[in-house]
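Here is what TrEMBL says about this protein:
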- D248: active site, proton acceptor (ACT_SITE)
- E22, I23, P43, A44: NAD(+) binding site (BINDING)
- 120-144: domain 'Siroheme synthase central' (DOMAIN)
- 151-206: domain 'Sirohaem synthase dimerisation' (DOMAIN)
- S128: phosphoserine (MOD_RES)
- 1-203: region 'Precorrin-2 dehydrogenase / sirohydrochlorin ferrochelatase' (REGION)
Amino acid sequence: MEFLPLFHNLRGRRVLVVGGGEIALRKSRLLADAGAVLRVVAPAIEPQLCELVNSSGGEQVLRGYVEADLDGCGLVIAATDDEPLNAQVSADAHRRCVPVNVVDAPALCSVIFPAIVDRSPLIVAISSGGDAPVLARLIRAKIETWIPSTYGQLAGLAARFRSQVKTLFPDVQQRRGFWEDVFQGPIADRQLAGQGAEAERLLEAKINGEATLTTGEVYLVGAGPGDPDLLTFRALRLMQQADVVLYDRLVAPAILELCRRDAERIYVGKRRADHAVPQDQINQQLVDLAKQGKRVVRLKGGDPFIFGRGGEEIEELAAHGIPFQVVPGITAASGCAAYAGIPLTHRDHAQSVRFVTGHLKDGTSNLPWNDLVAPAQTLVFYMGLIGLPIICEQLIAHGRSADTPAALIQQGTTSNQRVFTGTLKDLPTLVAKHEVHAPTLVIVGEVVLLREKLAWFEGAQSQV
Ligand code: SAH
């Protein structure tokens, strides 16, 4: 091991920064975050750095460096582009046994800055010993996605109960087991979901030996329109914790793959005979599984609250007092529009956008056609394929021009994406001609023309 990682308490300690430019500023920000009192020495100092120095209660010294600047300092950073000067600072610091960092010169350093993942009080530091800082930064980016941004709050929760738990379990092994349960179970889930008071209540109950933690939890998760890269960090984390996953037809296999390997998977979409599992049966199944203490992910295509019946499912959970979380997903309109190069709004063409169900209950009567033909608005029809001839006919009959541009996007955001563009008048014929099938999204409005310039994603086949 070239370098031993240690965490440095700089609160209230004086740190010398030699240099007054951009790099000195970057390092000084970190030092100030850690509570250091800055002494910045340079013939000229950036205004932002001056502010930082002042707010740290430190001092600016507007001249060249002299060795006496090291007096009283617990750490020194050389951040100038003057190599001999950096070497001089390093030599002086080594002689005085003051830890020194010279930016971009590992050979002159006795300490180096790691890449940092800050979930204070939890800190992850990554170092390549100065050999490949870019590699360290890439690893940092990966870790950033694994650790929820609120993870540090778990440490805060533990801190509040630490001494109580220590008294309760004098045995280290037992104590460790207790905290492992807390950090990997429903108490941590509550805290990470932003329900700190509930987490605290559950932790207190656990300390008092009350058995209140038998109920599981349901995560209603938006899986996005198909491309697994469009999942949110939270969706992925919950999918990897789940004991059971309920999913339907719209959830891409590549996304299902990302669920915990040994999670039970239950398909609740349409069966071969084309009968979907009735909604109330799904609602009941969620309740039953949670009551068995399972962590259940209910995976929904797109966003659970947009034509996803997510509301109905959690109403049932709420009625049974079952804890749940809702994780938004990228809805088909956003995903398909982005991947087809069709901005849904545009200052010149559309000031608003409407998401409309194309599922026509009694032929034509259930859509507000007069509102839908208002100018300068984009219409996005979900589930619009079967009713498409009626939709186009009614829009034209109510006054929208038959030449209004329109697009069909099939299996948007996936490698099978197909996009066909035309006008309100010829859209239904395009469906027949190209054998377009579900899931397909219909976009109507002038913005569709922008695709000619903005298309960027190549699916299986594009354009007419
Ligand atoms: N909750 C989902 C919508 C469910 S309704 C969401 O927010 O996206 C189902 C309809 O969504 C389909 O009929 C289709 O119109 C649309 N849809 C969903 N995923 C799609 C995709 N990848 N490509 C095209 N349309 C899609």
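Every residue, even glycine, has its Cβ placed from backbone N, Cα and C.
A TrEMBL annotation is a machine prediction, not a hand-curated record.
Residues E22, I23, P43, A44, recorded as binding NAD(+), reach a greatest CA to CA spacing of 15 Å. Around the Cβ of P43 (NAD(+) binding site), the number of neighbouring Cβ atoms within 10 Å comes to 10.
Taking all protein chains in view, 18 other C-beta atoms sit within 10 angstroms of the C-beta of the residue listed as 'phosphoserine'. Listed in chain order, the extra residues whose Cβ falls within 8 Å of the Cβ center of the NAD(+) site residues E22, I23, P43, A44 are G19, G20, G21, A24, A42, I45, E46, L49, A79, T80. If you count neighbouring Cβ atoms within 10 Å for each of the recorded positions E22, D248, the highest count belongs to D248.
Between the binding-site residues I23, A44, the minimum number of other C-beta atoms within 10 Å of a residue's C-beta occurs at A44. A distance of 52 Å separates the Cα atom of the residue listed as 'active site, proton acceptor' from that of I23 (NAD(+) binding site).
If you take every residue in the domain 'Sirohaem synthase dimerisation' (151-206) and average the pLDDT, you get 89.
The binding-site residues recorded for this entry are E22, I23, A44, and the Cα of I23 lies nearest to that of the residue listed as 'phosphoserine'.
Under DSSP, residues within the domain 'Siroheme synthase central' (120-144) fall into helix, strand and coil as 12 helix, 5 strand, 8 coil.
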